[in-house]
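**Q** Let me begin by handing over the structure; questions about it come next.
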Amino acid sequence: MSMILSASVIRVRDGLPLSASTDYEQGTGVQECRKYFKMLSKKLAQLPDRCTLKTGHYNINFISSLGVSYMMLCTENYPNVLAFSFLDELQKEFITTYNMMKTNTAVRPYCFIEFDNFIQRTKQRYNNPRSLSTKINLSDMQMEIKLRPPYQISMCELGSANGVTSAFSIDYKGAGKISSAHQRLEPATLSGIVAFILSLLCGALNLIRGFHAIESLLQSDGEDFNYIVAFFLGTAACLYQCYLLVYYTGWRNVKSFLTFGLICLCNMYLYELRNLWQLFFHVTVGAFVTLQIWLRQAQSKAPDYDV
């Protein structure tokens, strides 16, 4: 029998469950799908606003709007037009009932659990198609789905979470490594922004001195070519520190220490061309940026709210 089994309302940015139906089926397949609910809730910000995940005999559909996602589990033969019409009704009612300020500032899971009353009533209507024929018009939704069909999520896109690994993810280990290489960093702090600007400044100073050294070499042949190399290596090291501060890469901390070592070596070689204060400034900025790179680590996984 085709039917809707459960539904949830989830905040997109962090996967916080705001409300959910309280009548989960206890079958093994349904319980397994609840794990997929958790995995999807952690990836909502990276997914399109209308998606479907096929999981054996069940489908998980969801739509996202204004920072909130509406997710439902139904049997595989439940019509798409009914599924997304159901989600659309949940969305309209939730937006009408709760303003964005409340949803954005919510800190407790299921703080809008009273919305379950509306979910239950709507679910009962959609599980009885005869009651729908006179209450809703599905033609608009059918046309919308035809023009913009939901994005089909593959199992390999979910990977693993909470110890749950999809059968397909084993064959896509390479893809998993690629995604980890582009992992997001924690939000930048004020000290991190200052470090970025100072590193750019040091790089610009090295670049300017490098061009002046080239001019001196061309005019008088009295300039040591190695000084030019040292200036441009210093510029490259400062810019690479900026890159490490902004983007996540493998062995990021090790690379930052090696880059700081290169900055120190370049300034040691340029000892005769810079006074102590200039050397102190360049080395101190390099050390400060290295510290900020070490402090700004990759984002930890989203909290497990037992969705």
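Cβ from N, Cα, C; glycine included.
For reference, TrEMBL lists these features for the protein:
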| type | residues | note |
| --- | --- | --- |
| DOMAIN | 8-119 | domain 'Longin' |
| TRANSMEM | 188-208 | transmembrane segment |
| TRANSMEM | 228-247 | transmembrane segment |
| TRANSMEM | 254-271 | transmembrane segment |
| TRANSMEM | 277-295 | transmembrane segment |
**Q** So if I exclude everything within five residues of the ends of the transmembrane segment (228-247), which remaining residues of that chain have a CB under 8 angstroms from its CBs? That is, six or more out.
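**A** Apart from its flanks, the transmembrane segment (228-247) reaches 185, 192, 195-196, 199-200, 202-204, 206-207, 209-210, 213-214, 217, 255-256, 259-260, 262-263, 266-267, 269-270, 282, 286, 289-290, 292-293, 296.
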**Q** Mind tallying the domain 'Longin' (8-119) by DSSP state, helix then strand then coil?
**A** 48 helix, 30 strand, 34 coil
**Q** Over the span of the domain 'Longin' (8-119), how high is the average pLDDT in this prediction?
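**A** So the average pLDDT across the domain 'Longin' (8-119) works out to 87.
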